Structure formats: structure tokens, C-alpha cells
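Written out below as C-alpha cells is the structure these notes cover.
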Amino acid sequence: MSPSLLSVAGVTKRFGGLVAVDDVSLEVAPGEIVGLIGPNGAGKTTLFNMMAGAFPPDRGDIVFDGHSLRGRSAATICRLGLVRTFQIPQPFGSMTVLETIQTAALLHDRSIAASRAAALAIARRVGLEGREASPTPSLTNAQKKRLEVARALGANPKLILLDEVMAGLNAAEVARMLILVQQLRRDGVTVVLVEHNMEAVLRVSDRLVVLETGRKIADGPPRSVVEDPAVIRAYLGEGTEEDAA
Amino acid sequence: MNPARYLILRPADLIGLALAVAAALVLPFLVRDDYSANVLVLILLYAGLASSWNIIGGLAGQFSLGHSAFLGIGAYTSTLLYNYAGISPWLGMLAGGSISVVLALLISYPTFRMRGVFFAMATLAVGETLRILLIYSRKFFPLPYSLSIDYQPGLARMIFEDRASYALLAGCYLLTCLACTFVLSRSYTGFYLRAIRDNDEAADAAGVPVRRYKLIAFLVSAFLTALGGTLMAQYVLYIEPGTVLSIELSVDLPLMAILGGIGTILGPLVGAAILLPLRETLVEMLGGAASGAHLVLYGFLLILIVVLLPNGLLGGLDRLRALTRSKPGPSADAAKTAGVQP
């Protein structure tokens, strides 16, 4: 097995009495597309937020590219090459599409012309060409999701964390987004995606990690994971009182 | 190293530069009568102060209501050093700026955790606390309530016989503030500050060191505001907590910036150029009629302007330009999509 780019080791996070993420470990190898799935409340978003540095785990450690993320802000994690998108797009409201991407691209080159050129190339890459001068509030939801990916790409990441980029998109838009995700891998970017859209995540992922009530219950190739009885039980339930416990 | 690589330069900047230089360095030689010259000094000085506020309040979007603290520190530091130690205000000005920077750094720790109106309230408290502490400290120090500076004209003492010299000094101060604003807003820092203003969480995720750049804006703003405080003391030759530390100042600076166009480079100058003559005229017209009558009309006019031009005068100009430009041809597409928005 190749050395992992992202390594989550025994991570636990509590909110008051609720154990949102319970002793989860997982590895992501360079060049992989890993889907993180699970029913509502499984702890996907909590784990995702810890990987992106939004808050630290109570126990365990997350190591990216040889650096522990403990005590690092989202901005410094971004500099290491681990960048996230937001489930609900968070565009910079006073900026145009190009300026938004340029803001992230300035991370590596503070020259206006160079960051602009990089931002133009990324706008084309994610399919926002022709909208470069549009103010971000005028974009459609699908375009805002693409802009999230574009801004993340502006920081030139090694690994991109996609938070439900397919949510709320129609079939045609999902298809375009899937092409974009596969394109990212071809460009050498490793992808971890949290996704509710099972069909989409099965089509694009090399590997699935399944969480249920904070624990990891499955980790493997998509086809074998979806046939795993534990996963089926987590999604469909058993219809017994045990679930309530 | 070519600065144009690191700055966004636009053709219209030449017009802005010409306007600013005309106001700051040419008008002082043209205005002759005493009344107008006084108004000119005040406009240039307040424009500089409002520009300083605009760096943290407009560019970085952190609405400070405590800038009287920095202004007061500037005025008091240079005046105390001059009156009690004979140190030239030119040096005292830098000392006041440095102390302001230290205060800004200290208050950044508790206040930068707060957003929006909470940051405004916290900074308001800082300004007011400083004023009250200064008054209260007279119980322990033999400090008079007010400080006067002896009228002894001289360049080294920063005291001048004619108002034109003061106008020129204030003009240089304004140009310094505008230059700082220009560089901060048109280089990569401009992108970072706008990102922080728009959405600090997303800025953080996009690799913007949010705290560092908010702090840079705050420190520059505090330093420049303190310089203006010294200038104000040298012009009036009299300071007291009720003037240079008044809450009115903390409100006036944002008011001017908002009126002219918050976050724009020349907005604060435009705002000061409208607000101060308006206030002077109203005081003159109505000041004798009934106490406070001018304030009623003043308030009414401010509300009217803010309702009609929510983005300030320069913001209104921008919108007008966008409207006239979008009618024919190329950007009709953008206008169409904008029109679809509810």
C-alpha cells in the first residue's frame, strides 16, 4: 500500500453528551477518490470539519502529508495543500467569480497578473468560463457549487475535501460535477467527498468509508461496501428496538 | 521589481489622483478668506481621519466605533510631550502613533473574536473607557482637565500663523492616508481584506490568514488616526477629553466614510467635503433659532442621503455607470441575469 496522504488516527469528538465521532481511523492514499457516506447524523460533517481544521478532535490525530493538523488554523492547513469546500456555498458576496478564485490563487503568487491568469485557467477548468466577470450573488446554485471547487483549486491543493457538492443539483448538473471530480484526479488532486447522493458517489469513488452514529462500520471498494450487511442495516434499519438504543 | 505587477491600476485612477492632489496641495493656495480656509483645514483633516477609519471599517469591514481612543492618544501624547518636555510635535506625533498601535494590538485580542455589531460595541466601550479613565486619573496625577498649547509659531513646533500652512499640512496628511488606502486596497491585501469582510470563515478556508490581515488593517488605521489627533491638537491649540476623546468623533468618522462610499478610496474625502460644510452652514443658519434645531435638519438630511444612496455617493456613481454601460452591447448578458434576481 502506498504511503497515505491523509491519515486519521483514532479520532473522537464529543459535543456535550453526544459522541459525534467515535474512535475513527482512515487512510487516504495520493490520487485516490474516497467517498465518505453514512445516514444523517452519522458524524460525516463533524469528521469533515476536523479534517479541514474547523475544530480539533478531542482525541486522536489527523496527519496530512507528514504534518499533524493539531493546533493549525484552516488557513495554515490550506497552505499545506488540504482545502475544503462548503456544503452551503459561501461565496465572497462583493466579488466577481474571477476575483473569488484569484483571492485563493494569491496564496502562492502575490502578483496580480499571475494570480489572475491562474484564476482564469481554473474558471475554464470548472466550467465557469464566460461568467468570470459575474458578481457571485448572480450565480445559480450549481454555478456556486462549481465556484466552491474553483476557489479551493485556486489554492493549488494536493487534497480537496468536497462537502456535498452534488446536493441540490439536477441530473445533468450532477453528471457535469462527476466529470469535474474525475478531472481533478487526472490533474493529480486527491479527493475526499462527503456525499448523500449514493448513485453519484458509487460512480466516482475508488473506495467508500461508511460512518454510522460516529463509528466507522465499513471501508472498501464501493461494490463490496454497499453489499455489506452492516451498511444495509445502517441505511435501511432492522425495524427492531435495538436501533433506538 | 515592477510595482504594477503587484497593484491593480486603472485609467480612472489618474482622475482620482488629480482630484486628491488638487484638494490637498492646490486648494490651500487658492482659498484666501479666513472662514473658507478654516473649513478647508477641517475638511482635509477629517478626510484624513475618515480615510484612516475606512481602512479597518471599510476595507476590512470591522466597524470600529472607538477611533476617538486613537485620536485622543495622538493628541494627548504629542501635547503632553511638547508642554512638559519640550519635544517637537513632529516626534510626539510618531510617539502617539506608536502608543496607538500598541493599544490597537492589545484590544485586538478580545475584540477580534467578535463580529459586526459586537465589535462595534466593544470598540465603543474602549473609546469611552479611555475618556473616563483620563478624567478619573486626575485624582491621582496633577493633570489639568484641559491642555493648551502656547501660540508660538514655528515649523519645528508645528504651529503656523496662517491657515494655508495648516491646510497644506492637513493635505499632506490626507495624501498619506489615501496612499496607504490605495496600496492596501489595490494589492493582494485588498483581496484578502474584502474576503474577510465578506465571509471570514470562507476566507480562512481559502488560505487567508484572517487575524493577521485584520490586525494589519487595524494597526495602520490606529497609527494614522493618532497622527491626525496630533494635527488636530496643533491646529486648535487646545485639547480636553470632551473634544479629542468624544464619542462624536468616533461616530463622525464612519459617518463621513459611509456618506462618501464606505470601502472606496476617495469616499471618505467626498463624505468629509459634504458633511463639514453642511454642518457649518446649518449651524450658521439655524444655530441661533433654537438650540439643536440645526441638528434636527442635519439628522434629517443624513437619513435622506443614506436612504437614497445606501452605498454612498461614490457607490451611487458606480451604479449609475454600470447602468449606462449595460444598456448597449457586450455586458447585456450580465444585466439580464442581474435583472432575473428578485
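Cβ coordinates are placed from backbone N, Cα and C, and glycine is handled just like the others.
The transmembrane segment annotation in TrEMBL covers B:12-31 (among others).
Same-chain neighbours of the transmembrane segment (B:37-56): 23-24, 27-28, 31, 62, 64, 67, 71, 162-164, 166-167, 170-171, 173-174, 176-178, 180-181, 184, 214, 217-218, 220-222, 224-225, 227-228, 231-232, 235, 249, 252-254, 256-257, 260, 262-263, 267-269, 271-273, 275-277, 280, counting only residues six or more beyond its ends whose CB sits under 8 Å from a CB of the stretch. Residues or ranges marked as transmembrane segment in TrEMBL: B:37-56 (among others).
Summarising the annotation, TrEMBL assigns transmembrane segment to B:90-109 (among others). Distant neighbours of the transmembrane segment (B:90-109): 66, 69-70, 73-82, 122-123, 126, 156, 158, 214-215, 218-219, 221-227, 229-231; these residues of the same chain sit at least 6 beyond its ends, with a Cβ under 8 Å from one of its Cβ atoms.
Taken from TrEMBL, the feature transmembrane segment covers B:116-136 (among others).
Annotation comment: TrEMBL describes B:164-184 (among others) as transmembrane segment.
Residues or ranges marked as transmembrane segment in TrEMBL: B:215-237 (among others).
Summarising the annotation, TrEMBL assigns transmembrane segment to B:257-278 (among others).
Residues annotated as transmembrane segment in TrEMBL: B:285-309 (among others).
Here the transmembrane segment (B:257-278) sits apart from the transmembrane segment (B:116-136); fewer than 3 CB pairs are under 8 Å, leaving out pairs fewer than 6 apart in sequence.
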